[in-house]
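Trainee: Attaching a single structure in structure tokens format; questions to follow.
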Amino acid sequence: MLKLSIISKLIIYLLVGLVQVRGCYWNSRCSYELFGSKTPYDTVRGDIRDYPVPENCEAISIWALNRHGNRNPGSSVAIGMRAIADLKDEIIASYEAGDSKLCSQDIDNFRNWYWNDTIDVSHSYLTGVGYEELFGIGKRIQEKYPDLFNGQPEEFYFRPTNEQRTVTSCMAFVQGITNGLNLNVTVEGPRDIDDIIRPYSHCDRYQREVKEGEVLAEQLDYYFQSEEYVAVQAAVQERLGIKTPLDVFNIFSIYEMCRFYRSWTEVLQSPWCAAFSDKDLLVLEYYDDIRHYYRNGYGSKVNVNLGKPPLKDLYENFKSAVNGKGRKVTSYFTHDTMMEMTLSALGVYKDEAPLQSTVRNADRIWRTSFIGAFSSNLIAVLNSCNDAGPTYKVQLFINEKETEICPVDGCTWEEFQDKFQAYSTANLDFCSVDNENNSTSSINRILSWSRRSHRY
């Protein structure tokens, strides 16, 4: 009986140890990979080289809209992250006191972790990881369409917005697309006011009704008060075992530490991610979906209308190419706001019911991780074909994957016109706000600022 009792205890200890090891972050083979707008491009991308050119066709023009690559956190996010970094020693001490639920190796990884000082001096700057993302996209396009890359500089046009992260992304893309070639291209400097790739920055209606509006503010407040988020808050506090109370914004700053730092490593891991279970990360991912849905997506018709100018530019470029006057490559470098507005104008990734912060829709189509990741892009390819006479076919790719808008076999030119000609009348007239509404708008902005000042 004594031997049986000892054996039983050994089995129990082994099983408990196995459960604990399986619950460790550091050796999780299938750790959660989707982190909203901070998802690495390689996690969600396809490969444009794997899709065939339509039969009897050759590419004659490419148009692309690109989000900048991986970047450092912005100033406000960095402040929250810096405060959390100061908890490192307390997290380690909690483990040593037996109050933590983290695993030994996760704590070792905390001991070896140090703050990246470039965050303090290079807010929102493109990182080396981001540079490689854009270089790779350009290089793959060149490898897919080698016969396209010859000609005069004016046939190859590139333009970024007026930010370091987009300017440097543009440089990386151009280096990739011209890699190994003796090819001169045209890179236009950023415009202070860019009606094609950053119209929202000077659109009064967007700034007042959407970005500073009550709907977005309320949705984010409701998210932080939701039952799921409060449960994550309690779970993280217990998992770390620290005495410092963590409020809802501290929790999200830990999440920012997790998703930024993991994106800068080859193994895509950070000890800060050990604070969360995969279920927690599902809940935290939803924040970007809600925020971007109302700030950039279907949550406002203003967003949809702001997404039309790039599609107008696409249509006009391909129309010129069909008439023998277009460029071979036109590529823009912008932000997730513009990318998601453009996709909304296209009508893709649209859920039947609006997203709500109080109830997370696990089956939602609008997923920022897939449509607004670092270096996300929309690439259109115009092909000249010879099927019983000259014809044209258009292929459309999102993050180097085929789309339902124009499948891999391509839309005919007539089908493309039916879908895109409507964008040719796009304008920004709706952006102006009547003077009679100025007083109300000012009050709303003050209220909105007040709400945001108490929010992450």
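Using the three backbone atoms N, Cα and C, a Cβ is placed for every residue, glycine included.
TrEMBL entries are annotated by machine, without manual review.
From TrEMBL, for reference:
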type	residues	note
ACT_SITE	His68	active site, nucleophile
ACT_SITE	Asp336	active site, proton donor
DISULFID	Cys57-Cys385	disulfide bond
DISULFID	Cys258-Cys273	disulfide bond
SIGNAL	1-23	signal peptide
Trainee: Of the recorded positions Cys57, Cys258, Asp336, Cys385, which sits closest to His68 (active site, nucleophile) by Cα distance?
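Mentor: Result for His68 (active site, nucleophile): the nearest of the recorded positions is Asp336.
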Trainee: Looking only at Cys57, Cys273, Asp336, Cys385, which of these recorded positions has the biggest number of Cβ atoms within 10 Å around its Cβ?
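Mentor: The residue with the most neighbouring Cβ atoms within 10 Å is Cys273.
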Trainee: Please identify, among the recorded positions Cys57, Asp336, Cys385, the one with the smallest Cα-Cα distance to Cys258 (disulfide bond).
Mentor: Asp336
Trainee: Which of the listed recorded positions (His68, Cys258) has the least company, meaning the fewest other Cβ atoms within 10 Å of its Cβ?
Mentor: Cys258
Trainee: Round to the nearest Å and give the CA-to-CA distance linking Cys273 (disulfide bond) with Asp336 (active site, proton donor).
Mentor: 24
Trainee: Taking the Cα atoms as reference points, how far is the residue listed as 'active site, proton donor' from Cys57 (disulfide bond) in Å?
Mentor: 33
Trainee: Which of the three DSSP states, helix, strand or coil, fits Cys385 (disulfide bond)?
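Mentor: It is in a strand.
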